[in-house]
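**Student:** Input: one structure, supplied below.
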Amino acid sequence: MTEFDFIRRYLQRQQPDRDVVLGIGDDAAIVRPRAGTDWCFSSDMLLAGRHFFADVAPADLAHKVLAVNLSDMAAMGAAPRWVLLSAALPQLDEAWLQAFCDSLFALAAQFGVTLIGGDTTRGDYVFSVTIAGELPQGMALRRDAAQLGDDIWVSGRLGLAAAALNRHWQTVQLPQEVFAQCERARLRPQPRVALGRALLPFAHAAQDVSDGLAQDIGHILKASGVGAELWVDALPSLPDLRACLPLERWREFVLAGGDDYELVFTAAPADRARVLAVAEQSATAVTRVGRINNTSGLRMVAADGGEIILTSLGFDHFG
Ligand code: ADP
Ligand code: MG
């Protein structure tokens, strides 16, 4: 199979999208902007050995490659619309490509995004997706918009992907049932696009949690020039995961694990009911986990009121 067979047979599928003037097959794609919208762009790259195991199932890989980009749109409150996929592949294996593309197009259809182009080259596995989304003009959930007194909220559950990854590295032991749930979270993150869009009219700052909550909240605090208190032991996770891990390890996974692809966002306390209502409408759990204040940096607080200090070696708990 040649590169051009691959493009024709696997990538040039019918995708209903009235705003795509010209899709895959020419030198470049053309899309037509709608009046009153801002466009929002993001790009994420995944490398074998760094972001995924080289023997990952192609369907899981395709899901992740697209989901992490959809998550960036969710974090802006944008409607994802178009994606470009650049792929380096060691060979064109038909069964592998079929499974990869079926999964990719299934997720794309689920979120209403259209694959409009990309590039294919021979090499060790690398995937880079560029995504474009739409926002109502002048609106976005930006990192620099947190306000004093805001509640801090987190969607879904944290630490599962990190637990599964550590189980692969054999640095943690998990019961089979718990591992299965964590592994599913690691392989099939669910981008919180519906929640992000529903929050857009009233939430303040937001970002997706990809590098660990503590670090990612830090970006919001820095951009917004504020501090925060985070109630670490109230962070949402899998109860069975928490039950089977030493507390320090659990805190490490929820605070610094990475690969969660949940949203962390801030909103005024007056909007609590509204947050809960849009969370329910978008079928996404949300948990209130802290508060924006006028200190500097992030203060992580344990259930007993003691401060949790993040060190390069892990976490120290000064109760
Ligand atoms: P060029 O020579 O300009 O790089 P190509 O022959 O690589 O063009 O690509 C032909 C068409 O196939 C273009 O529309 C391109 O966007 C599309 N394409 C190539 N690779 C991919 C891919 N991995 N995913 C989606 N579209 C692709
Ligand atoms: Mg090319």
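Quick reminder: no glycine exception, Cβ is built from N, Cα and C everywhere.
Curation plays no part in TrEMBL annotations; they are all automatic predictions.
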**Student:** The Mg(2+) 4 site in TrEMBL includes D27, D72. Which of S42, S43 is also listed there?
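**Tutor:** It is S42, as the record lists it for that site.
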**Student:** Restricting to the same chain and to sequence separations of six or more, state which residues have a Cβ under 8 Å from that of S43 (Mg(2+) 1 binding site).
**Tutor:** N69, S128, V129, T130, I131
**Student:** Quick one: of the binding-site residues S42, S43, D119, flag those whose CB is under 6 Å from ligand 2, and say none if nothing qualifies.
**Tutor:** D119
**Student:** Filter the binding-site residues S42, D44, H51, D119, D259 down to the ones within 10 angstroms of S210 (ATP binding site), Cα to Cα, kept in sequence order.
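**Tutor:** If one measures from the Cα of S210 (ATP binding site), the binding-site residues that come within 10 Å are D259.
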**Student:** With the Cβ under 6 Å from ligand 1 as the test, give me the qualifying entries from the binding-site residues D27, H51, D72, D119.
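**Tutor:** From D27, H51, D72, D119, counting a Cβ under 6 Å from ligand 1 as near, the near ones are D27, D119.
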